[in-house]
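Student: Before anything else, here's the structure in question.
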């Protein structure tokens with residue numbers, strides 16, 4: 001299988017030359033994929049190419065897509081969740097989140113997830129495999145084709161732990177930036193935090209991308225190690241203080257502030273003492289806290305914190321000098337919101 005999605009202009013020019021074609025034929029393929037964002041996903045439909053060239057590419061196994069739409073779910077607020085099927089019959093979920101001026105694509109980086117966060121549906125079925133860069137990028141094209149508009153923002157907040165698929169993650173970010181023409185500053189990578197991988201992310205970003213301008217979002221969800229271990233089992237391998245130190249180094253290396261995701265769970269992490277503890281943990285470096293309301297999933301007994309507690313928590317962080325905002329959930333009625341994605345069509 002040779003997927004052309006994610007290939008650079010130079011790569012595609014080389015493909016053309018290998019088949020005895022002029023280099024500009026490679027640029028025509030690139031334009032077909034990225035500039036036109038064409039719904040025609042077969043090599044033999046690239047009308048700008050000579051028929052015999054198209055046939056040879058197809059016969060030799062070249063493809064523009066390895067995914068197909070298995071299911072569509074449109075929420076009342078316009079959010080679209082797609083269940084995509086890969087060649088190996090594994091399922092991938094992605095979400096298109098529209099506003100008047102933006103279309104945000106929430107992308108998956110793995111089939112399933114190994115982190116087993118207790119509040120998240122994705123990890124309930126474990127990790128099947130990591131996605132190839134082409135499969136990550138194809139999610140953008142499917143969202144664009146289904147919603148008939150171009151994606152403007154990217155969040156890696158779908159299925160999987162992005163830093164456990166770091167090479168394909170960064171290759172896809174490079175293509176999103178260079179080929180899809182989406183600024184790195186409009187890309188967010190969310191991670192539950194994996195030992196040594198925050199430092200590796202900044203180093204490999206400079207190596208593969210030449211810089212590191214996307215936003216790093218840490219799924220912290222706790223103000224101390226004890227609470228974090230109860231809701232995120234993998235936290236036992238990565239002390240919360242070490243995460244913060246690695247984030248401070250990340251800021252020094254990249255010049256970019258870090259975002260911290262904080263899921264408000266009633267009676268677990270939503271008291272004012274937790275807000276004060278979180279303030280002490282984060283004080284003194286460039287960061288921002290996103291408070292997230294819990295979205296109910298099956299088989300989990302956590303409850304959403306009250307609006308009063310949420311507002312008090314937000315006010316306390318702000319009073320303590322911590323930049324904070326409340327992230328609005330989208331697509332709740334179709335299980336397309338934060339923490340609700342899973343690979344099984346039976347859970348729609």
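Note that the numbers count up from 1, one per residue, in the order the chain is shown.
Each Cβ is built from the backbone N, Cα and C atoms, and glycine gets one as well.
In case it helps, Swiss-Prot gives these features for our protein:
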type	residues	note
ACT_SITE	93	active site, proton acceptor
ACT_SITE	338	active site, S-methylcysteine intermediate
BINDING	113, 117, 120	[4Fe-4S] cluster binding site
BINDING	160, 161, 190, 219, 220, 221, 295	S-adenosyl-L-methionine binding site
DISULFID	106-338	disulfide bond
DOMAIN	99-333	domain 'Radical SAM core'
Student: Residue 295 (S-adenosyl-L-methionine binding site) to residue 113 ([4Fe-4S] cluster binding site): how many Å between their Cα atoms?
Tutor: 18
Student: Including all protein chains displayed, how many Cβ atoms other than that of residue 113 ([4Fe-4S] cluster binding site) lie within 10 Å of its Cβ?
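Tutor: Its Cβ has 27 other Cβ atoms within 10 Å.
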Student: To the nearest Å, how far is the Cα of residue 221 (S-adenosyl-L-methionine binding site) from the Cα of residue 117 ([4Fe-4S] cluster binding site)?
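Tutor: Per the Cα atoms, residue 221 (S-adenosyl-L-methionine binding site) and residue 117 ([4Fe-4S] cluster binding site) stand 10 Å apart.
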Student: Taking the Cβ of residue 106 (disulfide bond) as the reference point, list residues of the same chain whose Cβ is under 8 angstroms away and which are at least six residues distant in sequence.
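Tutor: Same-chain residues close to residue 106 (disulfide bond) (Cβ under 8 Å, separated by 6 or more) are 94, 95, 96, 97, 155, 157, 158.
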Student: Across all chains shown, how many C-beta atoms besides its own are within 10 angstroms of the C-beta of residue 219 (S-adenosyl-L-methionine binding site)?
Tutor: 26
Student: Out of 113, 117, 120, which of these binding-site residues is nearest residue 161 (S-adenosyl-L-methionine binding site) by C-alpha distance?
Tutor: 113
Student: Could you give the Cα-Cα distance between residue 117 ([4Fe-4S] cluster binding site) and residue 160 (S-adenosyl-L-methionine binding site), in whole Å?
Tutor: 11
Student: Is residue 106 (disulfide bond) helix, strand or coil when read with DSSP?
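Tutor: Note: residue 106 (disulfide bond) is in a strand by DSSP.
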Student: What is the number of other Cβ atoms found within 10 Å of the Cβ of residue 190 (S-adenosyl-L-methionine binding site)?
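Tutor: 22, counting other Cβ atoms within 10 Å of residue 190 (S-adenosyl-L-methionine binding site).
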